[in-house]
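Chemist: This is the feature table in Swiss-Prot:
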| type | residues | note |
| --- | --- | --- |
| BINDING | 27, 89, 128, 462 | (6S)-5-formyl-5,6,7,8-tetrahydrofolate binding site |
| BINDING | 233, 252, 254, 257 | K(+) binding site |
| BINDING | 233-238, 252-258, 277-280 | GTP binding site |
| BINDING | 237, 258 | Mg(2+) binding site |
| DOMAIN | 223-383 | domain 'TrmE-type G' |
């Protein structure tokens, strides 16, 4: 896909919900975008065709003259467009038929169906965006919380790319100084080793400052997966319902009511959280319940955090111990539910387990009590605290973290080379590695295969 030949591409740019969408957009980009649009769009009246001016009219099949839709057209001529090419958007009525037929007319008129992410790839290749900005567009589209959206917007505005380019320029300056001494050793004064050591230390510290945001950024981007586990009838489903503030799971006094995983999507302290209410774990002869129990075990093993829930009035039982042993390799937070059934004195007297937990939280889910304490304990357990009040300029992805780590490691080797007073040729190897790694974040140095992989993760039409 990389290295496009200048052809014109087309794709549906909006999500299509059959019979429900109000507006659907078909987007064209390329040298022939306006010519193709003129073939299929009939302007109503005497409206002038001008860039960035919306036109009203009709989409028609140019061969048969058949009316396809009443629509709006928005031309955005190069370079003042998303891709820095001529871009035309056709705003149709939503639903499948109008946009699909409009897209087919565009292709018949000479456009090619765009590949996933190809519009953004063209924006990158044409210098409209750097690679970190391009990746942030996918993050913005998939953001599950206001904080994740804020981080994506910060990166889109260049708040990640700018410091990365500054770091790369500093490394390039050091490399230029070193190579000048290699090529013109007799004509230049010796390197100021103390100054270079200070520059390397400062650059490494700046890289570490960016890397220190990686864990929180990953939580913003991908979220947490939390499994609520426990024996039957301890209030797991009530806990999910109270937490979700709606009836997501059926609640009865009968053990084994929940037989399958029940999922809820929540935001906790700015972090997207997928909560799974699992079937009560116990020995059972019921084949359907056995399947649910096995799914509960698998859900717990794949969770980032397990909420082991017990009944306050029953205390810690042998069954609870067995369940703990099954999930003990995961981070566990103990939830003591139904606290309202005990007096204050009884709560203090209850025998708590000796195992180490991330935290112990008392709740009364049926009365919606203890949920705030639970959320605070979760944020403490993952080590983030509440992220809603923080200003997020970016959220590093795994590729960016790996590149920064590579650059940081390479600079440390340069420092070691300096301290060991090795020949200057040794410096250049590691400096070039750091420069290449930093350049891969913003796209100055990136393999075509990596570009294809990055943009293949985008949706078609973006």
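Glycine is no exception: its Cβ is also placed from the backbone N, Cα and C atoms.
So that I understand the layout, could you describe where these features sit and how close they are to other parts?
Modeler: Shown in sequence order, 13, 25, 26, 27, 28, 73, 74, 76 are the residues of the chain, 6+ apart in sequence, with a C-beta less than 8 angstroms from the C-beta of residue 89 ((6S)-5-formyl-5,6,7,8-tetrahydrofolate binding site). Residue 89 ((6S)-5-formyl-5,6,7,8-tetrahydrofolate binding site) falls within a strand when secondary structure is assigned with DSSP.
Taken residue by residue with DSSP, residue 233 (K(+) binding site) is part of neither helix nor strand, so it is coil.
Residue 237 (Mg(2+) binding site) has a Cβ environment of 24 other Cβ atoms inside 10 Å.
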Chemist: Taking the binding-site residues one at a time (27, 236, 462), which has its Cβ surrounded by the most other Cβ atoms within 10 Å?
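Modeler: Ranked by Cβ atoms within 10 Å, first place goes to 236.
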Chemist: Quick one: what's DSSP say for residue 128 ((6S)-5-formyl-5,6,7,8-tetrahydrofolate binding site), helix, strand or coil?
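Modeler: Its secondary structure by DSSP: coil.
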Chemist: Indicate whether residue 462 ((6S)-5-formyl-5,6,7,8-tetrahydrofolate binding site) is helix, strand or coil by DSSP.
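Modeler: The residue in question, residue 462 ((6S)-5-formyl-5,6,7,8-tetrahydrofolate binding site), is coil (DSSP, three-state).
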Chemist: Express the predicted model's confidence over the domain 'TrmE-type G' (223-383) as a mean pLDDT, rounded to an integer.
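Modeler: 79, rounded to a whole number.
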Chemist: Excluding near sequence neighbours, so keeping only residues 6 or more apart in the same chain, what lies with its CB under 8 A of residue 128 ((6S)-5-formyl-5,6,7,8-tetrahydrofolate binding site)?
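Modeler: Counting only residues 6 or more apart in sequence, the Cβ neighbours of residue 128 ((6S)-5-formyl-5,6,7,8-tetrahydrofolate binding site) under 8 Å are 82, 83, 84.
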Chemist: How far apart, in angstrom, are the most distant Cα atoms among the (6S)-5-formyl-5,6,7,8-tetrahydrofolate-binding residues 27, 89, 128, 462?
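Modeler: The span, Cα to Cα at its widest, is 19 Å.
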